[in-house]
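Q: Below are the structure tokens for one structure; questions will follow.
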Amino acid sequence: MASAQLRSDQDSSSGHDSATKRGAKASSGRGTAKQLWLDAWADPVAGLNAFTNCIHTCNLYGDGDWRLVVADADKKIKVWKGTAKASEHALVEAPVAITSFITDSTAPRVPTLAVAAGPHVYMFRSLRPFYKFTLPAGDVSPAEDAVWKQVEAGKLEAAAAAQQLQHLQDKGSLQLTARSQQLLALAGDPQAQQQFAADSSGQAAAGNLSCITCMDAVRQAKDELDAVSRLVLGTEDCRVLILNAAGTAVDKAITLPAVPAFLATTGELDEGYRITVAARDGRLYNIKSGALSRSVIQLDSQPVGVVRAGRQIVVGTMADALHCYTGKGAKQYTLYMPASILTLQLLPAAAARQSKCVVVALANGEVRVYNDKALVSLHSSSSPVMGLCAGRYAREDCSLISVTATGALDIKIMPRTANLEAAAVGSSGPPPEQDVPLDVPKKTRLYVEQTQRERAQAVDMHRVFQRDLAKMRLATAHAFVKVLTDGQEIAPALRPSRAWQKASAADGAASHAAAANLSMNVSIQGLGPRFRLLLNLSNEGQELATDLRVLVQAEDEAMYQVHTPHFAVPALVPLLQYTYKVDATCLQPALGAGAVRVIVVGRAQQSPLMTALVKMPVSELDE
Amino acid sequence: MGFFSYLLDLLGLNGQKVNVLVVGLDNSGKTTTIERLKPKNKQSNEVAPTVGLSVEQFQRGGLTLTVFDMSGAGRYRLLWEQYYLETQAVIFVVDSADRLRLVVAKDELDNMLANQQLGRRVPLLFLANKMDLPLALTPVELAQAFHLEEIRERPWQIVPSNALTGEGLDRGMDWLAEKLLRK
Ligand SMILES: Nc1nc2c(ncn2[C@@H]2O[C@H](COP(=O)(O)OP(=O)(O)OP(=O)(O)O)[C@@H](O)[C@H]2O)c(=O)[nH]1
Ligand SMILES: [Mg+2]
């Protein structure tokens, strides 16, 4: 009973939710937001293939003219200066992320470019290879090691080794090394496997190398564009690593419960920093000055990007929602987008008041800028934007670089006079209707009389009200007792109608079903006299419920004929819904409507697990 | 020395004091241009990005020029408008090879033209600077990009220049001197 209440509560709240969802969508369309950006340059045939992680701008040569560096999926670093592509450099592996950091404070502060690929970070100074950082190797499990040893010794064919490795993986207890996984990925092609086994023989010595999943930089001391900074890496073995100043060794490692997918950093290493990690388990973890904070944020869906806007965390999810949380994990607000979110980026602006702006790219081609909750800029691109980079480019502080699904490059610049304040855009704040005075009717005689009566007889009116209230409470208690004793009366069933039923666990009986937590929902189809009852049964408990029987009886046998009066339900798996159809024919349509009782019993149990009395609708006369 | 400066000498107008505002985006070559306009012995070859603004006074073509060399960096551009009221001429320097920021220059130009404080008859000299660079746009292309033809009231002229060698600067300054003289 109580849980029936709960269910309907949930139901109505989700209804409410979707209503606000629609409201939010509608109101986001209402805003007067238009494009604030200046269209500086567009190259529809740039041929770029990169996501947000792989697009970066930095003062590459230290000459004050910031270049665009794209780590393209075709294993090339592509550098743009102004409107022209300046150079291209080959990479050994497909990149996963690119960023830059400044190793020391001696002038000139030329940033070191870092490209993460596989287990390595390739570092460049003025685009010349400079250092290759490799993730520290983890331990290889002895079983896996033995398989590879045999392969190396020539005792085992690669295909057979793959089978053994597959077997190890299927046991599920250990995480295979990247090398083994690659071998397994080649399954079905023994030749390629053999080739790979031979080619990768060097990797064995390196041990179990993890892979980098994401990368960012965090500043050491002060919050400036050319401040000394360090690399932060997220790895496939569920760790976040902070490298030393030179980027040659791991300084600090923090282990998470899941694989990090996106990183967002804020603050400075010396004065307390925060790293927000969006992980593959759909949760946000916070690292606060070197330790994993206990507040974990569970998202409604998988994250597609996360940014730290000052103290706030803004995360986009696959549920088309943009959530904002405080650093402590308290939800601030949620904005629902009209299409899937592809990526998002922080819009860094020199003026601190603007630093809360977030740029969001949607699957319908829209690119929106939100300042807190207010939509301050909106423009559309012909093809969805896959990668965004916002920040300084060339000599302008605030530019927006986007790479679309078709490989086009688009560069926009925020004009100096642009106002990103929500108030300036007018998309927030009270609606204009609020200032229109309500048309309040004049005080009529009736109204005046009523008021006088209320004043004169306030005590009596209060008493009457109290008596009615007590009566209603009594009626409610009566109904509750009745439900406890003989099942719930279900309101006259409309077509299709819903009524939630819940059984309280029968006590004592040693059956699976005893602990079962069942819920049933009956709906009726048909105009009569032939009806169909749809019984939706689900097991809300944690355990499997087995050996149930369902009885369907007409209260008045002469009134309804039930075609399947009883049937067996062998098993109910938790959290799945099972639907059973039961046909019933009204024998005497002229007599109006009756009721049908549905009883669920467990095996070897005296009292039913659940009963429901379903009121049938009045059936139409059969001609 | 050009023809008009010669004329000025003749008419004895030598020494008329004129405030000239030099604006344009950062790195467009404003300071370099001003160095080149100065008399030979006062020129210096070292230029660094201007911070805020710097004021120079020198004689040229019979005029005493007070030149306001504004910084074009984003955070200093709001200083420009504080000098609109007292200027008699504006030199707008454009880096004609900086295609990316053409829109930014255009935006700043529009801001300036929309400002009421700038006199309605103040002549505008556009210098299409860095014409020596391979990717430089021609003055015609720049004029189109800036929609200069829409400037009706104020006299304007666009001249290609190279501030490193001083090429084109004489032509521009002669035009400006002529406009100032007409006043
Ligand atoms: N190739 C070439 N370079 C030029 C030319 N004019 C200026 N430069 C160079 O452009 C750079 C910037 O010149 P500045 O005069 O400092 O630019 P500015 O407009 O004063 O810049 P801010 O003071 O920062 O607003 C310098 O390195 C100059 O040498 C030109 O005509 N051709
Ligand atoms: Mg200067």
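Glycine residues also receive a Cβ, built from the backbone N, Cα and C atoms like all the rest.
For reference, TrEMBL lists these features for the protein:
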type    : residues                                                                                                                : note
BINDING : B:GLY24, B:LEU25, B:ASP26, B:ASN27, B:SER28, B:GLY29, B:LYS30, B:THR31, B:GLY72, B:ASN129, B:LYS130, B:MET131, B:ASP132 : GTP binding site
BINDING : B:THR31, B:THR50                                                                                                        : Mg(2+) binding site
Q: From the binding-site residues listed here (B:GLY24, B:LYS30, B:GLY72, B:LYS130, B:ASP132), select those whose CB sits under 6 A from an atom of ligand 2.
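A: Going through B:GLY24, B:LYS30, B:GLY72, B:LYS130, B:ASP132 in sequence order, those close to ligand 2 turn out to be B:LYS30.
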Q: Which residue among the binding-site residues B:SER28, B:THR31, B:THR50 has the fewest other Cβ atoms within 10 Å of its Cβ, if you could check?
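A: If we count Cβ atoms within 10 Å for the binding-site residues B:SER28, B:THR31, B:THR50, the smallest count is at B:THR50.
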Q: Sub-8 Å Cβ contact with chain A: please pick out which of the binding-site residues B:GLY24, B:ASP26, B:SER28, B:LYS130, B:ASP132 have it.
A: B:ASP26
Q: Work out how many Å separate B:SER28 (GTP binding site) and B:THR50 (Mg(2+) binding site) at their Cα atoms, rounded off.
A: 11
Q: What whole-number distance in angstrom separates the two most remote CA atoms of the GTP-binding residues B:GLY24, B:LEU25, B:ASP26, B:ASN27, B:SER28, B:GLY29, B:LYS30, B:THR31, B:GLY72, B:ASN129, B:LYS130, B:MET131, B:ASP132?
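A: Those residues reach a largest Cα separation of 21 Å.
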Q: Which is it, of B:ASP26, B:ASP132: the one of these binding-site residues whose Cβ has the most other Cβ atoms within 10 Å?
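A: By the 10 Å Cβ neighbour count, B:ASP26 comes out on top.
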Q: What's the most sparsely packed of the binding-site residues B:LYS30, B:LYS130, counting other C-beta atoms within 10 A?
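A: The binding-site residues B:LYS30, B:LYS130 were compared, and B:LYS130 has the fewest Cβ atoms within 10 Å.
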Q: Filter the binding-site residues B:GLY24, B:ASP26, B:LYS30, B:GLY72, B:ASP132 down to the ones within 10 angstroms of B:THR50 (Mg(2+) binding site), Cα to Cα, kept in sequence order.
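A: So the list is B:ASP26, B:LYS30, B:GLY72.
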Q: By a simple count, how many Cβ atoms lie within 10 Å of the Cβ of B:GLY24 (GTP binding site), its own Cβ left out?
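A: I count 25 other Cβ atoms within 10 Å of it.
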Q: Below 8 Å Cβ to Cβ and six or more residues apart, same chain only. Which residues does that give for B:GLY72 (GTP binding site)?
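A: Looking at Cβ-Cβ distances below 8 Å from B:GLY72 (GTP binding site), excluding near sequence neighbours, one finds B:VAL23, B:GLY24, B:LEU25, B:ASP26, B:ASN27, B:SER28, B:LYS30, B:THR50.
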Q: Taking the Cα atoms as reference points, how far is B:LYS130 (GTP binding site) from B:THR31 (Mg(2+) binding site) in Å?
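A: With distance taken Cα to Cα, B:THR31 (Mg(2+) binding site) is 13 Å from B:LYS130 (GTP binding site).
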Q: Can you grab the distance from B:ASP132 (GTP binding site) over to B:THR31 (Mg(2+) binding site)? Cα atoms, rounded to a whole Å.
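A: B:THR31 (Mg(2+) binding site) has its Cα 17 Å from the Cα of B:ASP132 (GTP binding site).
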Q: When DSSP states are folded down to helix, strand and coil, where does B:THR31 (Mg(2+) binding site) land?
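A: DSSP assigns B:THR31 (Mg(2+) binding site) to helix.
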